[in-house]
Amino acid sequence: MPVTTQQLIQWKQQGRSIVALTAWDYTIAQILDAAGVDLILVGDSMAVMLGYKTTLPITLEEMLHHAKAVCRGVQRALVVVDLPFLTYQESIPQAINSAGRILKETGAQAVKLEGGYPAMVETITRLVQAGIPVMGHVGLTPQSVHQLGLRQQGKTQETAQRILNEAIALEQAGVFSIVLEHIPADLAMQITQKLSIPTIGIGAGSHCDGQVLVTSDVLGLSERQPPFAKVYTNLRATITKAVQDYAAEVRDRQFPE
């Protein structure tokens, strides 16, 4: 049975941890889905896989293209798609149009927006009222890299309280889940205990209701990993060796036999 947003909320109540990873193409999405991943995020982190330095340059059209491929490979997991930078911040109508295109054109079940400041809370409220499921995202928000950098957020009492307040406001706005990125574990635990919707941590400790990582980090494909990522295998080295072996056999006329 396909995973739903309401099912994720039920899993929080039952104490079942939610498994989430990113995907940007059909093959990886198919593998993740078959392996039992609950939530697949078509993240704007795809920008880095496309050679950009940050997530900011990626466009809505690029996200639509890749999200379609991901959805074609998924049968069970809930698919959530990031709205890229400046496709939802200008106005509520812009946000509704961007999010609506994601759901209509890709087959994804939800969108994710960064930030919990008042204007964003209002935008998310309107999206939910329009029937669009929304996942929130607080803490380190990569689309604000030029304002906040990539350092851990919520380390002071003031910033921790702000992030907690944002999470509460997002729940009240109607999000079905919230990503907590690169914040102290005790703050993530406090937010998780306060909310009735599931929290998905990335660099936020073990007390969240689920965890998400960038799949290229997990597989060892990334040139650099964030400090909170865990590399489970080194596919970069495996692929390099396989290509070198193939090239050697072609040059030595050993392939094809």
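Placement of Cβ uses the backbone N, Cα and C atoms for every residue, glycine included.
What Swiss-Prot records for this protein:
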- D44, D82, E114: Mg(2+) binding site (BINDING)
- D44, S45, D82, K112: 3-methyl-2-oxobutanoate binding site (BINDING)
- E181: active site, proton acceptor (ACT_SITE)
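A count of other CB atoms within 10 A of each Cβ picks out D82 as the most crowded of the recorded positions D82, E181. Within 10 Å (C-alpha to C-alpha) of S45 (3-methyl-2-oxobutanoate binding site) lie the following recorded positions from D82, E114, E181: D82. The most densely surrounded of the binding-site residues D44, E114, judged by C-beta neighbours within 10 angstroms, is D44.
In the shown protein chains, 21 other C-beta atoms lie within 10 A of the C-beta of S45 (3-methyl-2-oxobutanoate binding site). Between the CA atoms of K112 (3-methyl-2-oxobutanoate binding site) and the residue listed as 'active site, proton acceptor' there is a gap of 13 Å. In this record, 3-methyl-2-oxobutanoate is bound by D44, S45, D82, K112; the longest C-alpha to C-alpha distance in that set is 13 Å.
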